[in-house]
Amino acid sequence: MFSLLLLLLLLCNTGSHGFPAATSETQEQDVEIVQKYLKNYYNLNSDGVPVEKKRNSGLVVEKLKQMQQFFGLKVTGKPDAETLNVMKQPRCGVPDVAEFVLTPGNPRWENTHLTYRIENYTPDLSREDVDRAIEKAFQLWSNVSPLTFTKVSEGQADIMISFVRGDHRDNSPFDGPGGNLAHAFQPGPGIGGDAHFDEDERWTKNFRDYNLYRVAAHELGHSLGLSHSTDIGALMYPNYIYTGDVQLSQDDIDGIQAIYGPSENPVQPSGPQTPQVCDSKLTFDAITTLRGELMFFKDRFYMRTNSFYPEVELNFISVFWPQVPNGLQAAYEIADRDEVRFFKGNKYWAVRGQDVLYGYPKDIHRSFGFPSTVKNIDAAVFEEDTGKTYFFVAHECWRYDEYKQSMDTGYPKMIAEEFPGIGNKVDAVFQKDGFLYFFHGTRQYQFDFKTKRILTLQKANSWFNCRKN
């Protein structure tokens, strides 16, 4: 087993470019990470045979493929850099394929009025902060279902919550700082429904380390009968991602309501949906180039692609730029300055790589000279040959000279006049290889700036290598 994984790692390193050669010590550490990960979360040794003695190399490859498919990675059966990166991220301790099931079938609570008890408290936070985090986590689920939760201070509750470390006698020991943050058991008698948090982590109520409210909301989903979701935007996604806004996605809501039924509220709650890159109806809020790559923005997500790696990276905007808001409305790159600008409302942010530049956000009226009637920018693009930036606002476009730092006279003009054929509204635009690509709804127009002609008309998501659009 060890030698097989080492061989797979060597093959990955041989075939990769731009990465330093891994040392034998690093390779051994990576082998150990892969072994432990597949054992803990993908049931690699479910037959009782120790991992180190397994001789069925096909099983290892299949488990790697299973993990890669779950996380939306390129399915190779090899522990490549992307796979290892996901394996090294902090996450929930509940397996992705072998659930903590105490009863057969799909466990659920028969009673919808449940009790919970916090057995002990972490010293990282005040008792009030812990109580509030747990209460809010339960409230997320009660808001979208018929479930109610009552805190008790003594005796046995349906859901017992505790902070423990290492081996805490439930056959699922914690692993110290990082890695496995917490776990919870599905509904059932005894330990069923209980949630355990690793005391070796540092629990917080903000962005630092691990936000207790965020982790508790996930774990209590397991306590209610939910398994992990492959939807990166779902609260039940296994890896820890904290964006500052803890909310249930539509996937989470659909899951809990499939078990317990809809909320008793007269207006049924709904949650944000994660973009499906190959959805033919996909639209974009903003698009920009970034150091040779393309960045597409939708709600709280970005989609990242380039010509060298066909897989689309989908993640939260806040993971890449914590200081940049969700719901961006426009973006453009000035490549020779290595600078990208993001717009929302009357503010804009300038970034270099993953860093927001000092002094931002700034006001669009003061920086660019827009009149007060312009409340926001719909789309923007920097035209490299002329050094001009085009801003699209409703049916008009403005032209800004980046080097003179002033608006050009004669603008605004009607979009249909300046860029004939693309319509009178632009959702997003970028320049690549000398052409402009305009987006409106599900349509994309390739535009030749020199001849003022449309060259092609395609689906908006044609950059994502989808088989069908």
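Cβ atoms are placed via backbone N, Cα and C, with glycine included.
Feature annotations, reproduced from Swiss-Prot:
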- Ser57: phosphoserine (MOD_RES)
- 90-97: motif 'Cysteine switch' (MOTIF)
- Asp124, Glu199: Ca(2+) 1 binding site (BINDING)
- His168, Asp170, His183, His196: Zn(2+) 1 binding site (BINDING)
- Thr274: phosphothreonine (MOD_RES)
- Tyr360: phosphotyrosine (MOD_RES)
- 423-466: repeat 'Hemopexin 4' (REPEAT)
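Projection of Swiss-Prot feature records onto the structure.
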| residue | record | Cβ contacts under 8 Å, 6 or more apart |
| --- | --- | --- |
| Asp124 | Ca(2+) 1 binding site | Arg202, Trp203, Thr204 |
| His168 | Zn(2+) 1 binding site | Ser162, Phe174, His196 |
| Asp170 | Zn(2+) 1 binding site | Phe185, Ile191, His196 |
| Glu199 | Ca(2+) 1 binding site | Thr122, Phe163, Val164, Arg165 |
| Thr274 | phosphothreonine | Asp231, Ile232, Gly233, Ala234, Ser249, Asp251, Phe301, Leu314 |
| Tyr360 | phosphotyrosine | Tyr348, Trp349, Ala350 |
Q. For the binding-site residues His183, His196, which one has the sparsest Cβ surroundings, going by other Cβ atoms within 10 Å?
A. His183
Q) When you average the Cβ positions of His168, Asp170, His183, His196 for the Zn(2+) 1 site, which other residues in that chain have a Cβ within 8 Å of that mean position? A) Gly93, Ser162, Val164, Ser172, Pro173, Phe174, Asp194
Q. Tally of helix, strand and coil residues over the repeat 'Hemopexin 4' (423-466) according to DSSP?
A. 3 helix, 24 strand, 17 coil
Q | Helix, strand and coil counts within the motif 'Cysteine switch' (90-97) (DSSP) | A | 0 helix, 1 strand, 7 coil
Q: Restricting to the motif 'Cysteine switch' (90-97), report the mean pLDDT as a whole number.
A: 94
